[in-house]
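Encoded as structure tokens, the structure appears first; notes follow it.
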Amino acid sequence: MTEVVLAVVLGLLFALGTFLVLRRDVVRVTWGVTIISQATNVYLVTMGGIGGSIPILGHGGGGHGNVTDPLVQALVLTAIVIGFGTTAFALVLTYRVYQEHGTLDLREFGHEEWDGVNR
Amino acid sequence: MSDLVVAPLIVALLTAILCLLIRSRSQLQRGVSLLGGGVYLVAVGLLFRAVRSDADRTLVYQVSNWKAPYGITLVADDLSVIFLALTAVVSLAALAFSVRSITAAGQRLSYHPLYHFMVVGITGSFLTGDLFNLFVWFEVMLMSSYVLVVFYSGPEHTRAALQYTVLNLLGSAVMLLAIGGLYATTGTLNMADLARRLAAPDAYNVAVAPVLGLTALLFCVFALKAGIAPFQFWVPDAYRAAPAPVAAMLAGVVKKVGIYAIIRLYFSIFAVVTIPTGTGIEIGGQGLWIGTGAWSLVPSTGGGTFLAFFGPIILVMAVVSIILGGIGAVGRDDLDGLLAYSSIGQVGFIVLPLAVAATASPGDQLFQLGIVAAIIYSINHGFAKGMLFLVSGTVSEAVGSLKFNRLGGIVERDPVLAGTFFVGALSLIGVPPLSGFFGKLLVFDVAVTAQNTVGLIVLVFALSGAILTIAYLSLAWTRGFWGAPSESVDQVNMVPTLVAISAVLALVIIGLGIGFQPLYDAATDAANAAIDTQGYVDAVLGGTGA
């Protein structure tokens, strides 16, 4: 049962993320990317198998029979930390884009002339 | 002895942290940064020598002494060290360049820590023997490169950085998906363990068909990093937005991380796997076959190897890159844009021999030759394109524009700089005795040796690509450097230090071409290291099969 619910949730999250990434508004694009990377994290957790008992044996009396894979949880922790950093950067960049262009609409971005002068 | 494997990583990391700590003391920071780049070169040199004098030619470092496949493994073999050597030389040159070319305010703005963190990420990607760890190093490299691309923060720069960031964030999510899936199907993340399990899928209860799909997903990510069509569109804007030394690193080295990952994973780890029959679309039981051997129009026909599946895909991507990059470059009206588009085309040339190698079986000589050609072309492109971006940085610094209609006649103002550009251009075109000649020669050699339809296709497109290369580089030469000095060029002086740095790289290119044998030997060994999957597995897992 949990598997089906999770699969549906994952599908919805990826669909929502993709929908947002394809918007014209930069903020929505950023949210879309964030949602997709979070959906990936959830997907990663499911890879360890759901419904097993706690991975650390001998503590708190758990750990009988089918044990959930602890490695994927370590992976997800790493991915979450990385995702946190990139999301923060993407949001700052979004704000900066607004400052530079005065708009958040991707179609209204001027195509400035490149002359190779970098300052 | 194998402790040496972590040396480049530690040097780069320490330099980055140290640069961050002494941010307030600008002069000192620059000195430390340059020194760190130098020590990095020495560390890589020592590692290079250690690997080549090692009996197994593979040095393994198990992080915290957690034995593979349980811990993270760092592996240095001939394939990783040749790319590390390229990184060390190009990054030191670009670093020396940036000390002079980035404004004082810019250097205070964390330029040096970011630069070294990028080098850390690159080094880690070349050394790691673990798939998830590869993802982490990719992120380290990309995070720093995002900030470096947006470094000047003008309107064009933020737009380019936004595109670059969003694309790579999506790429990272896809990479994580593929890695998670691979872990779920194979039960391991260690590359050597992966190779061992995939070689005997039944013994380890691995379903091969999903692995094929997941590796295809992973391939898209590497292609995105390498900027191969159809994932090339972020390249021109990002390269133009980045400061010149960063563009040199992005084009010269960061792209090669994608190429390295493709060679390492697809030509040594996944090369051994056979796709089970009954997978994918089959028409008439055989698929639609064209040409000879393992080539079919419907790639996922069962019975072939993984590489036979990827071969046609790589071929199409390479051909499209060459044509797209070439035509794009011819149509540019500024030097940076031309070089950026040229990068797309040149990467096509790098993966073209890989496509031919994919048609051959792993034991074949053609298989090895294809990888050798790809490696040599990568090395040459790394040096030449890195140098050309430094030249364009020098020009932009002095003239204040890279538009061809404002350039012209640099050869009279500064013959050394013009000569440097000329060497780089000739090397990309492939004129003997420069190293680019051997790169091109090997690509054609691979095509001729193949003696099949693929070889013919490769030959035709490599030739047209070569002609396009000549076209856009002579365009850049005549409009940017030849002739009488234009008004804006006539009044300026090029910065001698910057010219000297590019000139040194030009000497490296000439040296590599004249003394080509050592490079060829190193590349051949690297290709052999890539082919020798069993040796890699034995070295990492200790040969015990534990």
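Just so it is clear, glycine is given a Cβ too, placed from its N, Cα and C backbone atoms.
Quick look at what TrEMBL annotates:
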- B:129-270: domain 'NADH:quinone oxidoreductase/Mrp antiporter transmembrane' (DOMAIN)
- B:312-461: domain 'NADH:quinone oxidoreductase/Mrp antiporter transmembrane' (DOMAIN)
- B:6-22: transmembrane segment (TRANSMEM)
- B:34-51: transmembrane segment (TRANSMEM)
- B:71-97: transmembrane segment (TRANSMEM)
- B:109-128: transmembrane segment (TRANSMEM)
- B:164-184: transmembrane segment (TRANSMEM)
- B:204-224: transmembrane segment (TRANSMEM)
- B:265-289: transmembrane segment (TRANSMEM)
- B:338-360: transmembrane segment (TRANSMEM)
- B:366-395: transmembrane segment (TRANSMEM)
- B:416-434: transmembrane segment (TRANSMEM)
- B:454-475: transmembrane segment (TRANSMEM)
- B:495-516: transmembrane segment (TRANSMEM)
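Taking Cβ pairs closer than 8 Å, the transmembrane segment (B:495-516) reaches residues 89-90, 93, 96-97, 100-101, 379-380, 383-384, 386-387, 390-391, 393-394, 397-398, 414, 416-417, 419-420, 423-424, 427, 432-438 in its own chain, all 6 or more past its ends.
In this chain, the transmembrane segment (B:6-22) lies close to the transmembrane segment (B:109-128): three or more C-beta pairs between them fall below 8 angstroms, excluding pairs fewer than 6 positions apart. Sequence-remote contacts of a segment are chain residues at least 6 beyond its ends whose Cβ falls under 8 Å from one of its Cβ atoms, and for the transmembrane segment (B:34-51) they are 1, 4-5, 7-8, 11-12, 14-16, 18-19, 57-59, 76-78, 81, 84-85, 87-89, 91-92, 95-96, 99, 116, 119.
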